[in-house]
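Structure first, then comments.
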Amino acid sequence: MATVLAIETSCDETAVAIVNNRNVCSSVVASQIALHKTYGGVVPEMASREHLITINACLEEALAQSNLSWSDIDGVAATMAPGLVGALMVGATTAKTLAIVHQKPFVGVHHLEGHIYATYLSDPTWEPPFLCLLVSGGHTSLIWVKDCGFYEQLGATRDDAAGEAFDKVARLLNLGYPGGPVIDRLAKTGNPQAFALPEGRVSLPEGGYHPYDSSFSGLKTAVLRLVQTLEKDDKNSLPVADLAASFQSTVARSLTKKSIACALDYGINSIAVGGGVAANSELRKQLQEAGINHNIKVHFPPLKWCTDNAAMIGCAAADHLNRGHTSSLSLNVNSRLSITDVMQLYEF
């Protein structure tokens, strides 16, 4: 029953949490949305500097919230991959320093494995095997979760990730950053059937289409051309709500079809969803309904565990620590490590 202090700094949230197995003792998240909003996206150098400014206050708050002392903590964890290198280094260096000072084992964690473990934070009874749909600003993947550290990627995006597509379409519609939440809100007042948009299919060299891979660049381009056409016809009245609803519904429909098809083909009877786009209300609606229709259990974590946080990192780290998996203090951060290579982070 390991208790872990975990740090997450892979992108633009500075987060610290203390987790006992699947129970959250404290969780602190300092968002940088306001900092990057002016630029329409995350500026890596600014993100790293902000992590340096914020990390100590987050550590102090997490310890205070937990009512625990260092004698109660069994290990220190940090996200080591993937992510922005400079941002990752802030969390990794901080965690390693704490591990040395307090003589605790260090546990490096894969960010996507953290999103998988967010499922357990809200439902501690959930266990592998299951299919995980990971959808965020940087990733769109269908992952067969076999056990702690052992994953098979069955589907991925070939270009833009789903969350990235939301941000880019929001920019086209002058809705600001981040795009996901504002499109979700606006779509509630629009007609999702107003415009027919392509779901995006990935062609195979031998012909046909990949059943589980995604592509969103064509959808983004279709929205751009539609906006250009509509602006020519009526420069004073762009149907932004209808465009947002049609785009969002298309993304949700595509992800739902691929997830259900993958689960059925592989005989998997449960799907967990993780990542920032898991907060999207239309995706939740469509996938839950499809799950009921096909007798597949579908789990979405609460909204607070969809976006980046350190509690999910701590949950994954605790599981690894319980199994005797620890990381070397010489372990380097890695901006592109695949989810299938998670066990490269550990010595055991």
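Cβ atoms are placed via backbone N, Cα and C, with glycine included.
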Review point. Among Asp308, Asp319, Asp341, which is the one Swiss-Prot gives for the Fe cation site where His111, His115 also bind?
Key: Asp308
Review point. Given that Swiss-Prot lists Leu134, Val135, Ser136, Gly137, Gly138, Asp167, Gly180, Asp184 as binding substrate, which residue among Asn23, Asn280, Asn293 does it place in the same site?
Key: Asn280
Check your understanding: Out of Gly138, Gly180, which of the binding-site residues is least crowded by other Cβ atoms within 10 Å?
Key -> Gly138
Point to revise | Residues that sit under 8 angstroms from Leu134 (substrate binding site) by C-beta distance, when 6+ apart in the chain | key: Leu112, His115, Ile116, Thr140, Ser141, Leu142, Ile143, Val273, Gly274, Gly275
Check your understanding: Which of the three DSSP-derived classes (helix, strand, coil) applies to Ser136 (substrate binding site)?
Key -> coil
Review point. Out of Ser136, Asn280, which of the binding-site residues has the smallest number of neighbouring Cβ atoms within 10 Å?
Key: Ser136
Check your understanding: What residues, ordered by sequence, lie under 8 A Cβ-to-Cβ from Asp308 (Fe cation binding site) and sit at least six positions away in the same chain?
Key -> Glu8, Ser10, Cys11, Asp12, Glu13, Ala15, Val29, His111, Gly276
Study note, to complete from the structure: His115 (Fe cation binding site), Cβ-centred 10 Å count of other Cβ atoms over all protein chains shown, is 32
**Study point:** Protein Cβ atoms within 10 Å of His111 (Fe cation binding site), excluding its own
**Key:** 26
